[in-house]
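Swiss-Prot annotations:
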DOMAIN    25-201  domain 'FAD-binding PCMH-type'
ACT_SITE  Arg168  active site
ACT_SITE  Ser249  active site, proton donor
ACT_SITE  Glu352  active site
Amino acid sequence: MASSHVAGVEIAEAVPLAPLTTLRIGPVARRMLTCTSTEQLIGVLRALTADDEPLLILAGGSNVVLADDLTDLTVVRIANTEITVDGDRVRAEAGALWDDVVVTSLAHGLGGLECLSGIPGSAGATPVQNVGAYGAEVADTITRVRLLDRRTGEDRWATTEELRFGYRTSVLKHSDAVIVLEVEFGLDAAGRSAPVRYRELATALGVEPGERTDPLRVRDAVLRLRTGKGMVVDPDPDHPDHDTWSVGSFFTNPVVTHADFERVERIARDAGAGPVPNYPAPDGVKLAAGWLVERAGFGKGYPGEGARARLSTKHALALTNRGQATTADVMALAGTVRAGVLDVFGIELTPEPILLGCVLSVP
């Protein structure tokens, strides 16, 4: 095994993956190689790719759903965690905890990442998904991303234009041929927050949408909002809050045409469901997936006590493991919710996490 000759790499056999994901579900991997430096990560990936070995690349485990039967595989654990600051630039290795990146930037008086506080997972995952929350996304501040192309072995920095960021996506999302090694962010050296675009957050801060304010105040407000929705990972193993055992929002907010939006408005009006929350989007109108889920009949906590997988009791868009769920349980619940929204509103929701070895069936 060529990878075993990469100095310092920890190799373990028969590794349960459930504790390494925020959903707390996963198979037992045949073996896992943990890379604590970028050099180790490059060496291992080059060696295993040359061996043509099937791999699972895992870092924070916060936005991935692993099939129950993915057992005969090798996992490469990304655990390089260095964060460096140079002027208004912050560089984070792929395995750094995302919230540590946010905290480090604020400690150096840099604004721009505060709206993304409390998001679980690693820095390397953020450009893959174009992670976002409360009116901000990492594409707003990323300046470049260091990548390893497993097909050629090339290690280089890619521009934001090459990454083709979109709503919760990038060119990196649907392939593991290119692996993120480091991410660089360009932030506000004047210590101002990013413009507060999200109405709920602006209200909590007492500012007008579009205003800037103290980024530490923004972080505090975001953490309060996220905690109230069960969207901050609970670290207490003895008294876990199962509402936090999730991948966050399971579905993205759909962007629809103006004609489809008017149709959804008519359906909601006829059902007495009230005004439809909506936001302008470059290609149409963005709808609130959580609102669609609840108005389609799937309230918080659905399907109720005793279910191994259910919607969070705090946030209808989070599908949660209540302690004993399997991936099959979660995917069945996701399929039921997706089919219900399609039936009521004619809108097909798109899953946000990466699904490995499991498929969300088309209703």
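Don't overthink the numbers, they just go from 1 along the chain as shown.
Here the Cβ of each residue, glycine as well, is placed from N, Cα and C on the backbone.
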Discussion item. Counting Cβ atoms within 10 Å of each candidate's own Cβ, which of the active-site residues Ser249, Glu352 comes out highest?
Written reply: Ser249
Discussion item. In whole Å, how far does the CA atom of Glu352 (active site) lie from that of Arg168 (active site)?
Written reply: 7
Worksheet, complete the sentence: Averaging pLDDT over all residues of the domain 'FAD-binding PCMH-type' (25-201) gives 96
Worksheet entry | Rounded inter-Cα distance in Å - the residue listed as 'active site, proton donor', Arg168 (active site) | 11
Practice prompt. Give the helix, strand or coil assignment DSSP yields for Ser249 (active site, proton donor).
Written response: strand
Worksheet item: What residues, ordered by sequence, lie under 8 A Cβ-to-Cβ from Arg168 (active site) and sit at least six positions away in the same chain?
Response: Gln129, Asn130, Val131, Gly132, Thr252, Glu352
